[in-house]
Amino acid sequence: MVQQTIQIFGRIKPTGKPSAVFSVDNEDPTGASLDFLLPRDLSDGFVNNKRESYKFRFKKVFDQHAKQEDIFENIARPVADSVLAGFNGAIFAYGQTGSGKTFTITGGAERYADRGIIPRTLSYLFERFSQDSSTVYTMHISYLEIYNELGYDLLDPRHEASRLEDLPKVLIMEDADQNIHLRNLSLQQAANEEEALNLLFLGDTNRMIAETPLNQASTRSHCIFTVHLCRREPGSATLQRSKLHLVDLAGSDRVSKTGLNGVLLTEAKYINLSLHFLEQVILALSERSRSHIPYRNSMLTSVLRDSLGGNCMTTMIATLAVDKRNLDESISTCRFAQRVALIKNEAILNEELDPVLLIAHLKEEILTLKKQLATMMGEQKDEQLTADEMLKLEELIEAFLNDPDPDGTLSLGPAMRKVQHSFSYFKRKILEKQTERHQCSQQPPAATRREDVYFPHMSPVDVNSLKEMLQQRDNEISILVKMLKKEKKRADDAVVQLSRITDCQKLSSQSLPNYSTVPGFGDGMADTLSLNRGGQASSESLTGEENMELGEDVSTLSKLTGQVASMCPLSQQLKSTPPQSRDGNVKGHQEDQRVKVYTFQESHEGNMNQLSLNHGGQVLLYMKKGSQLSAGKQEAFEIFIKDHEEQQIIEDHKQLIKKRSAEARTLSEQLNQVRNTIAELRKQLQMRRRQSAAQSVEVNHPPGEKFDPVEEDLCEQIRREKIVYKSAIGRLKALSTEIEHLQLLLERVKVKIQKDFQKWWTQEASSLQGWEPGATAGFHTRPSSSGTPGLWTLDSTAPPHRRPASGC
Ligand code: ADP
Ligand code: MG
């Protein structure tokens, strides 16, 4: 058991203007401190007691320049390590809206380097799995959203979210031991990093699609991404299960400041209510005398029950926006963090026994015990041993007798019959020996056997087995010599043949023949000869293990190359896919390639690109099938996206994907070349060794005794090429992950644009219905931020001077 208080960290969001009202001190070895120094007039504004300075203690405070990588290394990696060791872990981000909770937990959409704790942790876990081949790991993922006290499954493969209510509702159940179970929350298996990442993006996309201007789920809901790990040694009955909750809490903004109206106020109350209950739980936990902890008051506290004051290693990140107008919120976030820091958790190793394996082990044990008991009690089986049993037993006894180890034992089990049979076997053997000795003593001394003279202390059985061994070795040697002679002949023939060819082609060069091209050299019988120089060269040559290793790398390479290849069509598609008609024919669009990517597809309910899971748990990206957009709407959409603020991100991602794909292609070509070079060098090495072996036979010299500089040089070259290969394959793996991530980000931005368009379109359509020529409300072109005209927008005061294109 590990007893530990909840670790708290602070993270300050970068601000445009530097703010002098706070200072960070990370130098103190006992922990960091964050000080707010408020001018008196400012403190009047938001604190009643007119304090001017506030000091808060954290384990560490990350200032505005902290990178996502630092956050992962310092905060998430230690938690991930304890989850790998079988403990539960939780990281949750707390702070006001816009302070960087989602950025910290999930990451930003703009750059690969901005990926947050979840993708980095997934990557780290799979890397650790691959390094530990002696353990079997399985990972499942769940993604829960809690909004207005209701839980929604963001990963359910059977539902496509177009509204939050469409997602399956998750219910909390409590068993007799007060353990919490979540009904309807799907657990999806992730066999590799790619699948796990797809699940994260699927959940995020579902969350984004389900969000409406009214519910603003992204700021008002809590999201809990949970990694469920199972770890077991093959064959062992014990397994370790651990969970890692990565929690993006709703904004902690206070209602009084939000100025919300009607419906929104109710929702804001709910959010604050659930955070209020969270605070109550934390308060109760920090007071040692409290016996009742009000976990059951809200869904959030019920779900996080283990993470707060339970069996878990928990970490909280307080996200802070330190510009002047957010200072009061930041101070209240820090206060909350100080209370959280008082909570003590007791994490225990979650080991359990696999019931199936346990039952099998117990059954086996019972059987053995029963047999032992029967022997002890003198009971025995009535049936005689069968001929087969006797034969097996005699083989066992022979093996026992021939075992040179004086401590070797003969294990017969508890059967008395076997013990009796063994004794009669021994008796027979002793009698045979006595007869043999008697016969020997009657032979004249001249006829004394040679082996008795040389090995008088050896028994005839030992001498016989030595003789047999000798005979075997003789046979092996003659076979080897025959093979070597044959090889040598083949090598000589090949050299002659090659020189003939060389002569024919009138080659002036007298360089060594390229043996790899010589017919008859390559695979075949000669390959079965292992002629390493007495083990000395084995480190330089490609051993079986190395061959396997290279083989694995080759399969990784082909997988990665396949991935990159499959990515390329997507990046090309992103660049220039013309809209397809429903029957699959390419439309004759030849205009701006940029806009053709977003062929907007409409369906009855949704109109969104969706990420979905197939039955095998694999995540696939697919476009929802639906009717084509009308020409007018398509045109409006094309204009809409040109002016969309996310357009630049799309362009940047596309460029980067293109660049990385090109880099990956070059790298895989390079890898292929290195592989070919290694194969070529290996052929030359084999050839060289065959030649030296053949020469050794000729001069009657044991193979491998003479140092061969050519062979050494070949080994050295192979070694160097392998280093190049390994580093290139590592880079290719990293590139593949990056491309995958960028594509998912791109998909998400696309979905967002389509969603924005649909929202805008619906607004326009409904206002158009009320629009009459001459009325004051209507469409006009909104001057965009970039100054480009063309985005239709509603302005109730402006006179209509442009109407949407036909078909809208
Ligand atoms: P929250 O989830 O707390 O409401 P977000 O994570 O969505 O806030 O952050 C709001 C905005 O600030 C986003 O555009 C995000 O990219 C940006 N942001 C937040 N934290 C950082 C940071 N540390 N570095 C750069 N940008 C950040
Ligand atoms: Mg957020």
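Glycine is no exception: its Cβ is also placed from the backbone N, Cα and C atoms.
TrEMBL annotations: computationally assigned, not manually curated.
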Select from 412-446, 517-551, 657-691 the stretch of residues annotated by TrEMBL as coiled coil.
657-691
Could you list, ordered by sequence, which of these binding-site residues: Gly95, Thr97, Ser99, Gly100, Lys101, Thr102, have a Cβ under 6 Å from ligand 2?
Lys101, Thr102
So how many other Cβ atoms are close to Ser99 (ATP binding site), meaning within 10 Å of its Cβ?
26
For Thr97 (ATP binding site), which residues of its chain lie six or more apart in sequence with Cβ-Cβ distance below 8 Å?
Thr219, Gly251, Asp253
So which binding-site residues out of Gln96, Gly98, Lys101 are up against ligand 1, CB under 6 A?
Gly98, Lys101
Under 8 Å Cβ-Cβ from Gln96 (ATP binding site), six or more apart in the same chain: what's there?
Gly251, Ser252, Asp253, Thr319, Ala321, Asn326, Glu329, Ser330, Thr333
Mind giving me a neighbour count for Lys101 (ATP binding site)? Other Cβ atoms within 10 Å of its Cβ, every protein chain shown.
28
